[in-house]
Amino acid sequence: MNGAGESSLKRRSKNHKSPTNGVKVANGAMAKTASTHYSDASFMKWTLADAVYVATHHWILCLFALGLLFFMGVEYTLLMVPSSAPPFDLGFIATRPLHALLESSPHLNTLFAALNTMFVGMQTSYILWTWLIEGRPRATISALFMFTCRGILGYSTQLPLPQEFLGSGADFPVGNVSFFLFFSGHVAGSVIASLDMRRMQRRELAWTFDALNVLQAVRLLGTRGHYTIDLAVGVGAGVLFDFLAGKYEDSKRKGALTTK
């Protein structure tokens, strides 16, 4: 091999060594970058003044944080309800006096059931009125979403009827027919109507519906017609499906504008 070839090989060998040094440089740069990221982390800049600000201006979030820790302790230490026992329901415990009263007085139970059915009729009438008379379909769309979802969930997980259930032929659905426990359509429908009333500045009527909804929930717990979780999810469902109905209307409006 001539001298030119040897010098060419030496240059190549030097070039092959350079990537090793480059990797070291790159690793050093990455380490420096990672160190910079850690030092720039948000929590590294927190001060005592920040903690005081959070405690005074975001105290609700602090309460929820304490609630998280508390219920983590409760969940991981409580004795679970055995499969042979009825479900534990705090709402049933709170309404024991009402349950005893209604159990001892069937006529009073029937009267309350009839009044509750009238309230369901008021909900239904208002929701249909907003669509058929006022031409505002949002509450009706919300009810369609809600009851369809309720049917899917209610059939998917069929909770056992409470052992102390007090039925009535005057209760809705009238005639002692079967029904889904999860979730409460009574409560969700009332929330949907109440939210629509607030949008239309019918605040007095909305507060009236809210008060009647609370009485309805207490009665449903007292008769063991729903578990507490059915009622709580019913409130959330009313809010959720009203929101989704609004999104549905907005999407249709935007679609109509783009096609023009």
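Any Cβ shown, glycine's included, is placed from N, Cα and C.
Please treat TrEMBL annotations as automatic predictions, because they have not gone through curation.
If you look up TrEMBL, you'll see 88-247 marked as domain 'AtPDCT1/2 transmembrane'.
The region 'Disordered' annotation in TrEMBL covers 1-23.
The annotation transmembrane segment is assigned in TrEMBL to 51-74 (among others). Listed as Cβ neighbours of the transmembrane segment (51-74) (distance under 8 Å, sequence separation of 6 or more from its ends, same chain) is no residue at all: none.
Sequence-distant contacts of the transmembrane segment (111-132), counting only residues of its own chain at least 6 positions beyond either end whose CB sits under 8 Å from a CB of the stretch, comprise 102, 138-140, 143, 168-172, 174, 186, 189-190, 192-193, 196-197, 209, 212, 216, 219-220, 223. Look at TrEMBL and you will find 111-132 (among others) tagged as transmembrane segment.
Panel annotation: around the transmembrane segment (139-157), residues 126-128, 130-131, 180-183, 185, 188-189, 192-193, 195-196, 237-238, 241-242, 244-245, 248-249 of the same chain, lying at least six beyond its termini, place a Cβ under 8 Å from a Cβ of the stretch. Feature annotation from TrEMBL assigns transmembrane segment to 139-157 (among others).
The transmembrane segment annotation in TrEMBL covers 177-195 (among others).
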